[in-house]
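Enquirer: Got a structure for you, written out below as structure tokens; questions coming shortly.
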Amino acid sequence: MRKYFGTDGVRGVANTELTCDLAYKLGRAGGFVLAQGDHRVKVVVGKDTRISGDMLEASLIAGLMSVGCDVITVGIIPTPAVAYLTRKYGADCGVVISASHNPVEYNGIKFFNKNGYKLDDEIELKIEEYIDDIDKIDCLPIGENVGRKLHEHCAQRDYVDYLKSIISTDFKGLKVVLDCANGASYKVAPIVFDELGASVISINSSPDGNNINYKCGSTHPEQLQRAVLEHNADLGLAYDGDADRLIAVNEKGQIVDGDHIMILSALNLKKNNKLAQDTLVVTVMSNIGLTIAAKENGINLSTTAVGDRYVLEDMVKNGYNLGGEQSGHMIFLDYNTTGDGVLSSLILANIILQEKKPLSEIASIMSQYPQVLVNATIKNENKNKYMEYPEIKTEIERIESILDGNGRVLIRPSGTEPLVRVMLEGKEEGQIKELATNLANLIQEKLS
């Protein structure tokens, strides 16, 4: 049973749950496990713009260096950039200090292995063992054997150049609005679009340590919708705090979510004979409309549990090269080993230019069923107990009977917050909203 690592690393409220002491122990235990005693380990460390990032970075690095790891800091940079730079710099591991789309008070620490993939479960469990018994680590290097720290000033440039190498199209004539969520993409995204020739308007690109994800970015695209219309832009692109996800807005100011972007990307790859096994990997949260569009266009779907971790596992295991989530995590495995919001946005812009049609027109290939998501706030320890209550089970069965095969109910505990997410999908939005709200209220009442 995991104690510290969740679905996306170790997360919590910075300085109370994710403390400096825990960050130090994560560095010390992680460095020791990854070293395996046979060579001097090199670790790439990046972060997003949260005020707690510097504090946790200092503690984490102290832990790593205390067991002889050499650390390459790359500063504020998207999570997928750390995955890429870990490979480019020949490091043994990469670490990101970020809580992605979560509010500023949260932070997280996530490890990548030398190939840019998330650590295997067994390694995370081994790290947890040492965290709980830190004195078992009998590694106290002295003198020249203590770890060194080096800051890589070219890290951002290296990532931008790599992204540009993937795109062969000139973006001249394309007007884009970028919502950087006051997060890790605030420099990289505008630079790469500008250097590819696009006309760029950036919003929420002035981080102050406290405004990351605040009423902006991929989880709050309303500001972007207004900006696209105000500037008469061709496209709006919203990232989250660590830029591992993307939500788009078409030229009419309408949201284009991960499902739409995935089906467009899959069709583009298939058209160019580059979609591995003609298969797109999605999660159970993807809209029924995506299933229909895929079937009509000869694209196979492989469906996993919610979480880009499970999408990636399926892709690697079965040799697929495209997968993602409705929330905007999209993995283009030919280019990177994790969700990459900036890469996804470049690929979407490239598709629009290749098709020579507005996004609203090309995205109409998929019709979206109404989908309602309501959160039930509960005690964290009760997240997985909802089916233990007969009243909740009975209400779910009642809703399924009402939908009668023309929709579905999906209940999912959050991997990072004290929430149970209730999702309903069906033909009539008013009906499913009422049903979802009632079910969420019942779950909250029983599990709070």
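Each Cβ is built from the backbone N, Cα and C atoms, and glycine gets one as well.
Heads up, here are the entries from Swiss-Prot:
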- Ser100: phosphoserine (MOD_RES)
- Ser100, Asp240, Asp242, Asp244: Mg(2+) binding site (BINDING)
- Ser100: active site, phosphoserine intermediate (ACT_SITE)
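A description of the local structural setting of each listed feature is requested, covering burial, neighbours and distances.
Expert: Less than 8 angstroms from the CB of Ser100 (phosphoserine) sit Asp8, Thr79, Gly108, Asp240, Gly241, Asp242, Asp244, Arg245, each of them six or more residues away in the same chain. The secondary structure of Ser100 (phosphoserine), as reduced to three states from DSSP, is coil rather than helix or strand.
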Enquirer: What is the Cβ neighbour count of Asp240 (Mg(2+) binding site) at a 10 Å cut-off, with all protein chains included?
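Expert: So the number of other Cβ atoms within 10 Å of Asp240 (Mg(2+) binding site) is 35.
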Enquirer: So which other residues, same chain and not among Ser100, Asp240, Asp242, Asp244, have a Cβ within 8 Å of the centroid of the Cβ atoms at the Mg(2+) site?
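Expert: The surrounding set, listed in chain order, is Asp48, Pro78, Thr79, Ser98, His101, Gly183, Ala184, Tyr239, Gly241, Ala243, Arg245, Gly339, Gly341.
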Enquirer: Within 10 Å of the Cβ of Asp242 (Mg(2+) binding site), how many other Cβ atoms can be counted across all chains shown?
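Expert: For Asp242 (Mg(2+) binding site), the 10 Å Cβ neighbour count is 35.
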